[in-house]
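Novice: The active site, nucleophile annotation in Swiss-Prot covers THR21. According to Swiss-Prot, the feature N6-acetyllysine maps to LYS53, LYS109, an assignment based on similarity to another entry.
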Amino acid sequence: MLRAGAPTAGSFRTKEVHTGTTIMAVEFDGGVVVGSDSRVSAGEAVVNRVFDKLSPLHQRIFCALSGSAADAQAIADMAAYQLELHGLELEEPPLVLAAANVVKNISYKYREDLLAHLIVAGWDQREGGQVYGTMGGMLIRQPFTIGGSGSSYIYGYVDAAYKPGMTSEECRRFTTNAITLAMNRDGSSGGVIYLVTITVAGVDHRVILGDELPKFYDE
């Protein structure tokens, strides 16, 4: 028997599916690390526990998705299509800055219709590893950036823990710790952690399962 006020199967149909999220990207000398949690929710329901929020835009360029799952993926798909054409016209891979500008322009053009925030990160021969935030049509390069609902819980940690000149392994550890802390505090973040490391050598994908996440004293 359903109790009063309990969500029903039909009630979830009107709820927009959100990647209530923690996303992050960090530059290091020679590349970038991009990471995210994997929980997707619709209202009070978790509709996907292992959704990969790191979407490829080109060979060595990825974006991290947050906001409405459909809107964020639509922006990523449109950007990937434009960058594929851009690369064919130039006969060389597009620059990370070009990819970030494409995402920024799409986000701004459809700002009244789409609810999404994407972080663009990757490697190119001109500038090496780069991280760009694109919220609301803004474009800014940063040594690291965070986003999503879980990010509000970890600003203090990332500001204190970030050190210029970190290695790729230190950046992976930094990203893993930050996302784990956000998952512990934010009810909309959870699941596993996806990590992508992008360098001149290629793209390295890793998945950190729940029983492999770092432990903190407050757990």
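Yeah, the Cβs are placed from backbone N, Cα and C, and that goes for glycine too.
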Novice: Judged by the number of other CB atoms within 10 angstroms, which among LYS53, LYS109 is the least packed of the modified residues?
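Specialist: Each of the modified residues LYS53, LYS109 was scored by Cβ atoms within 10 Å; lowest is LYS109.
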Novice: Distance check, please: Cα of THR21 (active site, nucleophile) against Cα of LYS53 (N6-acetyllysine), rounded to an integer number of angstrom.
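Specialist: A Cα-Cα distance of 9 Å.
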Novice: What count of other C-beta atoms do you get within 10 angstroms of the C-beta of THR21 (active site, nucleophile), across all chains shown?
Specialist: 31
Novice: Give the distance between the Cα atoms of LYS53 (N6-acetyllysine) and LYS109 (N6-acetyllysine), rounded to the nearest whole Å.
Specialist: 22
